[in-house]
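J.: Here it is, the structure in full.
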Amino acid sequence: MNTKLVVVFLLSAILFVSVTASRPGKDLERDEAYETYDDENKRACKDVFPAATCRHAKSVGNCSSEKYKRNCAITCGAC
């Protein structure tokens, strides 16, 4: 075999192994980012509609409606 081809193959193999070996640490960082994203979503949870509208929707049982789930999230207990 050509010597240059062998050298290129070995360097490629070494690079592949080093990149693959460093990935588990990256996955942990990505998981932490997802947890932070979930926390931010919980903090951003709010009622968009006026409080009286949300209270009325809850009292008549409309919280199962997608409209009220999204716009009265705190009152309807979506978050």
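Each Cβ is built from the backbone N, Cα and C atoms, and glycine gets one as well.
Quick caveat, the model's predicted, so the values are computed rather than measured.
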J.: If you check Swiss-Prot, which of Cys45, Cys54 bonds to Cys72 via a disulphide?
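T.: Disulfide mapping in Swiss-Prot sends Cys72 to Cys54.
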J.: Identify, among the disulfide-bonded residues Cys72, Cys79, the residue whose Cβ has the fewest other Cβ atoms within 10 Å in this structure.
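T.: Minimum Cβ neighbour count within 10 Å, taken over the disulfide-bonded residues Cys72, Cys79, occurs at Cys79.
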J.: Considering every residue in the domain 'ShKT' (45-79), what is the mean pLDDT value?
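T.: Residues in the domain 'ShKT' (45-79) carry a mean pLDDT of 91 in this prediction.
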J.: Can you grab the distance from Cys63 (disulfide bond) over to Cys72 (disulfide bond)? Cα atoms, rounded to a whole Å.
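T.: Pair distance, Cα basis, whole Å: 8 Å.
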J.: Cys54 (disulfide bond) to Cys45 (disulfide bond): how many Å between their Cα atoms?
T.: 14
